[in-house]
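Inspection log for the structure reproduced underneath, given as structure tokens.
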Amino acid sequence: MAELTISSDEIRSAIANYTSSYSAEASREEVGVVISAADGIAQVSGLPSVMANELLEFPGGVIGVAQNLDTNSIGVVVLGNFESLKEGDEVKRTGEVLSIPVGEEFLGRVINPLGQPIDGMGPITAEEDRVLELQAPSVLQRQPVEEPMQTGIKAIDAMTPIGRGQRQLIIGDRKTGKTAVCIDTILNQKANWESGDKNKQVRCIYVAIGQKGSTIAGVRHTLEQHGALEYTTIVAAPASDAAGFKWLAPFSGAALGQHWMYQGNHVLIIYDDLTKQAEAYRAISLLLRRPPGREAYPGDVFYLHSRLLERAAKLSDDMGAGSMTALPIIETKANDVSAFIPTNVISITDGQVFLESDLFNQGVRPAINVGVSVSRVGGAAQTKGMKKVAGNLRLELAAYRDLQAFAAFASDLDPASKAQLERGERLVELLKQSESSPQPVEYQMVSIFLADQGIFDVVPVEDVRRFEKELHDHLNSATPQVFEQIQGGTALTDESKDALVAAAKDFTPSFRTTEGNNLGTEAPVDPLAADDVNKTELNVSRKTAK
């Protein structure tokens, strides 16, 4: 057995080599400590270099957003299970601000405000991340709103048109059909999506803030049922979520929309609704002990909504000519549009569609109050064809409403007023639409044009909607060239107008009313025909002679 010899020189050399190549691994990081945690807010001490809106990491992978940066503590909005936090827990900086993953893979999915899928359909592979609080496009990066965003709702497309890149407020009491108007707008984009034309396609984002889980599931089912989910993303912050998620949900949707907008695509985003976001932000601000203002809202609640809605824009050609159209929803109480949040958002947006509970209860659905609703920039985006046929529609309806109020007290009306009342009743009936039944712009134009020509005047009010449907079916087969000519909202030519009127007059006598009668071909008798006027004058002269 060989003897083991140990050389002191070898040992010395090995130690020298190891120590010369050794470098001590030292790390330095700021660590804070939780002072208190309650109601979704954590007070943290330490972390002197933390930034506003920086993400902080708590034990268990819980994250929070730094909001209040005081001298001795930080107020953090916890995004996740704050009940697991306790006093003394370590808090670490991440050096990052809040961002979400974005990309085409999000179409057809339901995600939370952090970009995580919650629909049980597996993980999402994102293209990139985008910061939530992204700066809105500057003035030079924008161009005027000139392209129409068709909603498929006659009352909106005809009288309060919306353009791509516009912010149009949908406002009204609860249960007046605000969400239904927005969902119908999403459904109306299906034909554009199936065309495959990038300039026509519209990607849709529905942001549900503080809604019941069953309501969000119902919206998803409606979109899936009508084949609209494939071009729609749902960002959900249900009522059961913490206030922090409801506050951030609209910004998550806007970040996703801006990603597509800057790629040159067209986006429609719906915030349902910003009243609940404002209430969540108020709760957060009060818990952070920020000074309250009017209705206990913090002083920067206007800035909360303005910086969000300014992100909707029509980009210049140099920026890719993409657009993001925003339809924010605001819920009023007792039709009071002069409250704090409604007046704020009205002043920020480019117009509003006001839904009235009284009209809704009368069966006028969508329950749009034409007199109060307005679109400040959409007129330039309205199609030429619709602008021509619907030019007098708003005035006719306004005159009808005034006359209707007067007729309630007047015992006798002159024939002209009676005729105006009867036409107004039929126009109101014509503008009614069933939920989830958007109408292409060509059919809207034909209906409004023929109503202006008096075709509907002989139809009983209760049969107007059925008459319209059957008339469209007849015109489709009798005058297909007209629908081709006005495709996309092109103005009606004189030949098309004559063809429509002739075909409509041919169809009218064959229509069977609810009572089982066919509509007569004879024009209604003027109650003040020449003979009647002479008889009236004769009777007056006899009375005068006596």
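Using the three backbone atoms N, Cα and C, a Cβ is placed for every residue, glycine included.
Feature annotations, reproduced from Swiss-Prot:
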| type | residues | note |
| --- | --- | --- |
| BINDING | GLY172, ASP173, ARG174, LYS175, THR176, GLY177, LYS178, THR179 | ATP binding site |
| SITE | SER373 | site 'Required for activity' |
| REGION | 511-546 | region 'Disordered' |
| COMPBIAS | 511-520 | compositional bias 'Polar residues' |
| COMPBIAS | 536-546 | compositional bias 'Polar residues' |
Residues flanking the ATP site, with Cβ no more than 8 Å from the Cβ centroid of GLY172, ASP173, ARG174, LYS175, THR176, GLY177, LYS178, THR179 and excluding those residues themselves: GLU331, LEU355, SER357, PHE360, ALA367
Alpha-carbon spacing, THR176 (ATP binding site) to SER373 (site 'Required for activity'), which is rounded to whole Å: 15
Residue among the recorded positions THR176, THR179, SER373 whose Cβ has the most other Cβ atoms within 10 Å: THR176
Cβ-Cβ neighbours of GLY172 (ATP binding site) (radius 10 Å): 27
Residues from the same chain, set at least six apart from the ends of the compositional bias 'Polar residues' (511-520), whose C-beta lies under 8 A from its own: 458-460, 462-463, 467, 470-471
Helix-strand-coil residue split for the compositional bias 'Polar residues' (511-520), DSSP-based: 0 helix, 2 strand, 8 coil
Intrachain C-beta neighbours of ASP173 (ATP binding site), sequence separation six or more, cut-off 8 angstroms: GLU331, THR332, LYS333, ALA334, ASN335, LEU355, GLU356, SER357
Largest tally of Cβ atoms lying within 10 Å of a Cβ, found at which of the binding-site residues ARG174, LYS175, LYS178: LYS178
Cα-Cα distance linking SER373 (site 'Required for activity') and ARG174 (ATP binding site), given in Å to the nearest integer: 17
